[in-house]
Amino acid sequence: MIQNQKEDIHHADEALLASLGYKQEFKRAFTPLEVFGIAFSIIGLLPSIASVLFYAIPNGGGPAMIWGWAVASLFILTIGLAMAELASAAPTSGGLYTCSTVDANTVGSVAGIASINWGCAVQVMAAADIGSSNGFDATRGQLYGTYTAIVISHALICCLGTTVLARLQTVYVVLNVIICLAVIVALPASTPVRNSASFAMGEFVNLNGWPDGYAFIMSFLAPLWTIGAFDSSVHISEEASNAATAVPWAIVSAISIAGVLGWAINMSLAFCMGTDLEALAASPQPMAAIFNNSFGQRGTLTLWAFVILIQYMMGSSLVLAASRQTFAFSRDSALPFSSWLYRMNHYTKTPVNTVIFVAFFALLLGLLAFAGSVAINAVFSLAVTASYIAYAIPIAARWLGDNEFKPGPFSLGFMSLPISMTAVLFMFFLSIVILFPTTPQTDVPDMNYTVVVLGGVLILSLTWYYFPKYGGIHWFNGPIANIGTMGMSVKGITVGRESGAPEVEVEENDSVPEKRST
């Protein structure tokens, strides 16, 4: 009985995908919990907050950490709700690209991989520093070497079969929740002298020089980066069971739970971080310094090992999602070397070539480290900005001009328009804000290089598209159906892109074209 229900769900998933013009090429091994798991594991609350705490502390201190997180989380939820509605209507690995046919999401995904894994490398070096009683100072070369090892290991993991990757997500979810709850409870209990409520929640400490209101908005980058990449669930839609329902609920659930747990973590940190915020902000890893003051060296190293592990898990999940989005993009011949990228490995039945592709460009982006700390920190802003460009275009496009959008099982009803417009306006405003430097007194070393990197990518993309004779404008017409425009029948369910089209019977095992195997 249960097996028959699963088969019916899988056939319905295949039929819905076929109605969008694509044949089933992946094994649908992700359960709804595991679909949620990939979004929640990429958020990776505790290590993510650790990676970007330096954005919140100097831009308001405790009030920015607590109230800035709360305000930003509500706006992020509007983005998630609008995106969930789109994902329910078109559950494909292309995700936002399928809705808007833009490539900013590829850029955002690669930048996300770079920022997560750079944060992981910094955390590894912070552990070495704590273990040596603050006697170790990592060089840029050592950091980049660690970063390279992390990226390569993630690529190897993501070349595994779909079933293995799916089962890992449950482990990631459980470990994430346990470590968050442990810090929320144990940190205040272990801190001998806690800050007063008036200091932690009400004393605004501005160390960067911007007006207080603007500094408060600048602190939003911490929650924006932390509660990000939740579109990862969309990119494994073609590997998910009951995708039209599981994917949107995974997005909304991941954002909601992350918002609440993250607020509690920030509250705990604000009460336990002491009052010398200038010294804390100058620390290479502020959260490690807070833990060291409360737990001591051994306790901090034990807890920090889990922080590193969860950050590592975040990176592997994002490489997985980014490789699937790149696979969908290359399926429509929209990237250079698409014929090489759009191949399914014969043994693992996964797109190994796209894994190599995203890992390679993440390694290139990591070279910004040798231009200084400000330059490498630009990947954090780039991850948010590029993603928000990709998010905003399809959300806005749904309401601009004539379209044939038909909501899926997840629908916002009459609230869809106000929620969508709120999300778009918020993303537009914040995308501009986070391009500004961290302080108003800026010279060349302190410049925010996000606009340089993003601008460079956009110029290359436009050149690739408009290049005379060979540019994409002369041949690209994506998204491109890979089952033709004829209808098809999947176990008795008839779908088609053109009314009155002849029916084509597709066998269940007809999933990957032989010429695409390697």
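Note that Cβ sites are derived from N, Cα and C of the backbone, with glycine treated the same way.
Straight from TrEMBL, the features:
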| type | residues | note |
| --- | --- | --- |
| REGION | 499-518 | region 'Disordered' |
| TRANSMEM | 35-57 | transmembrane segment |
| TRANSMEM | 64-84 | transmembrane segment |
| TRANSMEM | 144-166 | transmembrane segment |
| TRANSMEM | 173-193 | transmembrane segment |
| TRANSMEM | 213-234 | transmembrane segment |
| TRANSMEM | 246-265 | transmembrane segment |
| TRANSMEM | 301-322 | transmembrane segment |
| TRANSMEM | 352-372 | transmembrane segment |
| TRANSMEM | 378-400 | transmembrane segment |
| TRANSMEM | 412-436 | transmembrane segment |
| TRANSMEM | 448-467 | transmembrane segment |
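Distant neighbours of the transmembrane segment (412-436): 75, 78-79, 81-82, 85, 214, 217-218, 220-221, 224, 381, 384-385, 388-389, 391-392, 395-396, 398-399, 448, 450-451; these residues of the same chain sit at least 6 beyond its ends, with a Cβ under 8 Å from one of its Cβ atoms. With a cut-off of 8 Å between Cβ atoms, the residues of this chain six or more beyond the transmembrane segment (448-467) that come close are 103, 107, 111, 336, 365, 368, 371, 374-375, 378-379, 381-382, 385-386, 434-438, 442, 473, 476.
Proximity of the transmembrane segment (246-265) to the transmembrane segment (301-322) is not established, fewer than 3 Cβ-Cβ distances being under 8 Å for residue pairs spaced 6 or more apart. Taking every recorded stretch in 173-193, 213-234, 301-322, 352-372 and counting its Cβ pairs under 8 Å to the transmembrane segment (64-84), the highest total belongs to 213-234. Remote same-chain residues near the transmembrane segment (352-372) are listed as 109-111, 113-114, 117-118, 140, 143-144, 147-148, 151-152, 154-155, 158-159, 319, 322-324, 326-327, 330, 337, 340-341, 343, 345, 378-379, 445, 449, 453, 518 (criterion: CB distance under 8 Å, separation of at least six residues from the stretch ends). Outside the transmembrane segment (213-234) by six or more residues, the chain places 35-36, 38-39, 42-43, 45, 48-49, 51-53, 55-56, 59-60, 63-65, 68-69, 71-73, 76, 80, 83, 87, 91-93, 95-96, 105, 108-109, 112, 115, 204, 206, 240, 246-247, 250-251, 254-255, 258-259, 262, 317-318, 320-321, 380-381, 383-384, 387, 390-391, 430, 433-434, 436, 438 with a CB less than 8 A from a CB of the stretch.
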